[in-house]
Amino acid sequence: MDVTAKYELIGLMAYPIRHSLSPEMQNKALEKAGLPFTYMAFEVDNDSFPGAIEGLKALKMRGTGVSMPNKQLACEYVDELTPAAKLVGAINTIVNDDGYLRGYNTDGTGHIRAIKESGFDIKGKTMVLLGAGGASTAIGAQGAIEGLKEIKLFNRRDEFFDKALAFAQRVNENTDCVVTVTDLADQQAFAEVLASADILTNGTKVGMNPLENESLVNDISLLHPGLLVTECVYNPHMTKLLQQAQQAGCKTIDGYGMLLWQGAEQFTLWTGKDFPLEYVKQVMGFGA
């Protein structure tokens, strides 16, 4: 790829960032489509995020992806949020139209699309959702919009717990889905809801390098063959949770599915063109 002065810049702002596959995936897609953009990753944490957004405007970047820990903070620095992004309270995509910033969240649509592509119908189903960060709430919001009956959200009593309660209230007021929030320390409640759940989704970073030997499921007997277990983490590809799920006879969806589908939507938002899906799956080695 020969980058010229006509190329526009798209970024990814997160910390840490060097593990991300998004730059490789998006640049392969852009090159295949013959589009004059290049995608670069920038290590940006909460403290440096405001300055990074000013830089985005000053450099007239086309936009940026947003990942941990900036997804919720980023909502404060855009001019407009989509209805779904408002429901989530977090964004992973910013599009810059001549200095006017629009915030989107493709994490939720990407993850739910990966579930649907596997042949699983979420309508009327119950999801146990682990975590209340940007990715987790995006998945919950999109699932609620697309027909989940119940979401049982579990989170530790940390700085995200109050945000989880606020998220549940927004979803309960704006959709037909019923969301409840429980402390993850309540393992009895966790076991009880898993027994009758249809989907278990890990929306936390537990299982991601360097936490690859950890899982929020402490007892593999809680998993049952009728349960679909889905993962947001893709580094490593096979997390401990997915290993547990496969041992228990569960159907699983790895983090590549969400990465692929959320990235495809981002690509179209930034470029206005279709994402070369099959090509990217092939060159990136994604089975999703």
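Just so you know, glycine gets a Cβ as well, placed from its N, Cα and C.
Among the candidates GLY110, GLY119, GLY249, GLY255, the one that Swiss-Prot lists alongside ALA132, GLY133, GLY134, ALA135, ASN155, ARG156, ARG157, ASP158, LYS205, CYS232, VAL233, TYR234, ASN235 as binding NAD(+) is GLY255. Cβ-based crowding with a 10 Å cutoff singles out ASN155 as the top-ranked of the binding-site residues ASN155, ASN235. ASP107 (substrate binding site) is surrounded by 33 other CB atoms, counting those within 10 A of its CB over all protein chains shown. Sequence-distant neighbours of LYS71 (substrate binding site) (same chain, 6+ apart, CB under 8 A from its CB) are ALA90, ILE91, ASN92, ASN105, GLY133, GLY134, ALA135.
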